[in-house]
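Under the heading transmembrane segment, TrEMBL lists 6-26, 38-61, 81-108, 120-141, 147-171, 225-248, 274-300, 320-339, 345-366, 378-401, 407-426.
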Amino acid sequence: VGLIGGISLIVGTIIGSGIFISPKSVLVNTGAVGPCLIIWTICGVIGTLGALCFAELGTMITKSGGEYPYLMEAYGPIPAFLFSWTSLIVIKPTAFAIICLSFAEYVSAPFYPGCSPPTVVVKCLAASAILTIILVNSLSVKLASNVQIFFTAAKMIIVIIIIVSGIVLLAQGKSQNFENSFEGSTVTAGSISLALYNGLWAYDGWNQLNYITEELKNPYRNLPLSIIIGIPLVIVCYVLINIAYFTVMTPTELLQSPAVAVTFGDQVLYPASWLVPLFVAFSTIGAANGTCFTAGRLVYVAGREGHMLKFLSYISIKHLTPSPAVIFYGFVGMIYIIPADISTLINYFSFAVWLFYGVTIAALIVMRFTRKELKRPIKVPIVIPIFMVLVSIFLVLAPIISQPEIAYLYCVLFILSGLIVYFPFVHFKVRWAQKITTPITIFIQILMEVVPPDDTTE
């Protein structure tokens, strides 16, 4: 992957469903247009600073797998395993479910004008999307790659349409919603943290290049350049899209809209308003495909270290795809569409992911003192990782303190429950654990015609 490919991966992964779903959640937690736009900008800056920290980590430890190899080098196998455990069961399948639910809401919205689509319709469409993506990614790497390229191009078309429409409307004087833009704002630690959660969800994907570091051409140059070019481009797009929304919708209208971009299209692009839900559906399904496409990297690296069930790192003999990992992700993602509450899923997802972001960026600080011998082609000022660790602590603790929910406790308990799996299956490799996993591995190998990656040939 070269520089253009790196930029495309960052932009294509970040711009998915978030900008078409999160505006409502950011606005409801800020209460006014002004703070809403500020939150979107701050989220972009946080994403950029976090990506720069990951750029130092990625050029210092040039292994694929995202946070996993950095946690392994800094803290040892237990934190690395807990990250891979949580990612496998919570973080990535939750993201997959959120994006597919977003896709389902936008596809079904035009058929239910003036009201929200029935929950059962949304769930069935999301399940169908997951099954289709699993099938594509299990059958062919080339097919999945071509699908990703097509949907990335489609999502940029709808982004440009919305931005240009907003600029035209502003030029025509549609700026009344920006007057007294801070009136009625609600600014508390809890509301800000929840607004940041939803905004940062829309920016999530800024660390995706670290999952394919081993496949980057000249990572010392292309990794930081892709970040410096790609993320600011997304910030500009996101802020301009939100401004476009507010040129035609008051805050109240935006909050009442079942699908923000569809409402925008109905008011601005009629009779071609059908283009908006079509291209938004393309955008969301493309992001879901990208999530599934890269999911195997973490599983493979963790499997290489003996930290995952062996069959999850196997590759199909016939199709040369990581089909066991893909199917497992799809199965867990199916479970997460059962609640069908996107806001709750985003908060649950963000709590877990920012916990590990903070621990990983703290690893950068730790290795400045414990691994001085490692070469650092990119070295960010120490104040940036310190600031990002403080941001992570705020994002993890603020919602718990201001609006405590039992779901956060469940999330922590689930992360720690990985220790119950780690010690018998990974650390001690006790016989009864091997007796459980070995037959499962053999059965999967025969049933799905898969083998370990080292056994495949071109």
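Don't overthink the numbers, they just go from 1 along the chain as shown.
Including glycine, each Cβ sits where the backbone N, Cα and C put it.
Curation does not apply to TrEMBL; its annotations are automatic.
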Contact count check, CB pairs under 8 angstroms to the transmembrane segment (120-141), set 38-61, 81-108, 147-171; argmax is 81-108
Cβ under 8 Å to the transmembrane segment (38-61), counting only same-chain residues 6 or more beyond its ends: which ones? 14, 26, 30, 69-70, 73, 192, 195-196, 199-200, 202-204, 206-207, 209-210, 213, 219-220, 223-224, 227, 231-232, 234-235, 238-239, 242, 357, 360-361, 363-364, 367, 374-380, 384-385, 387-388, 391
With the transmembrane segment (320-339) as the reference, which stretch in 6-26, 147-171, 225-248, 274-300, 407-426 has the largest tally of C-beta pairs below 8 Å? 274-300
Is it true that the transmembrane segment (147-171) and the transmembrane segment (81-108) have 3 or more CB pairs under 8 Å, sequence gap of 6 or more? no
Please determine whether the transmembrane segment (81-108) and the transmembrane segment (6-26) are in contact (criterion: at least three Cβ-Cβ distances under 8 Å, sequence separation 6 or more). yes
